[in-house]
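To keep things clear, I will list the structure first and then write my remarks on it.
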Amino acid sequence: MEQAMLKTLALLVLGMHYWCATGFPVYDYDPSSLQEALSASVAKVNSQSLSPYLFRATRSSLKRVNVLDEDTLVMNLEFSVQETTCLRDSGDPSTCAFQRGYSVPTAACRSTVQMSKGQVKDVWAHCRWASSSESNSSEEMMFGDMARSHRRRNDYLLGFLSDESRSEQFRDRSLEIMRRGQPPAHRRFLNLHRRARVNSGFE
């Protein structure tokens, strides 16, 4: 019994060594990469928001990482944003103070970020109001390609979509990015689907 276990362990170690020797993609999910993805997501929100003030992330979590090859990956994030005291032309919202009050605009957001060699290549995001006092449950802010600008509405909303339509668009966008960067068929087994939850280290 012990010999069988030792043999299994030895085969496992040899298999891991073989994968590493053949270039199995290993990506270092350091805090700077996650911060870069979050910053790009918040920047997308601010770039297409109709608010006169900048939004800033209050909390975030990494929901999924799709590794396409040794240099390219797609991150799916969830994060919350709140309006700050800085005007739109203030630049980086990371140093801005949050506005105070019961009716301060706050939204829950999701984003898909494609990164290559540590650099952000593409970002898609959408948000919904976190407070029912701000809008009803069907109202959302959509942040994506400028081709969607016809969906803009009053206040800070950029679209009205049902939950089903929102889910389909988010899923289609993530799949589109993965297909665009899909490696050749003989290397598809290298794709990883990892789930990780990150504490509010971006706060």
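Cβ coordinates come from backbone N, Cα and C, glycine included.
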Fill in: Cysteine paired with Cys109, where Swiss-Prot records a disulfide bond, from Cys96, Cys127
Cys127
Worksheet item: If Swiss-Prot marks one of Ser49, Ser116, Ser165 as phosphoserine, which residue does it mark?
Response: Ser165
Worksheet, complete the sentence: From Ser32, Ser47, Ser80, Ser162, the annotation phosphoserine in Swiss-Prot is attached to Ser162
Worksheet, complete the sentence: Note: in the chain of Ser90 (phosphoserine), residues six or more apart in sequence with C-beta under 8 angstroms of its C-beta are Leu54, Cys96
Discussion item. Neighbour count, 10 Å Cβ-Cβ cut-off, for Cys86 (disulfide bond): what number do you get?
Written reply: 20
Practice prompt. List the same-chain residues at least 6 positions away in sequence whose Cβ sits under 8 Å from the Cβ of Cys109 (disulfide bond), in sequence order, or say none.
Written response: Ser41, Val45, Glu78, Phe79, Ser80, Val81, Ala125, His126, Cys127, Arg128
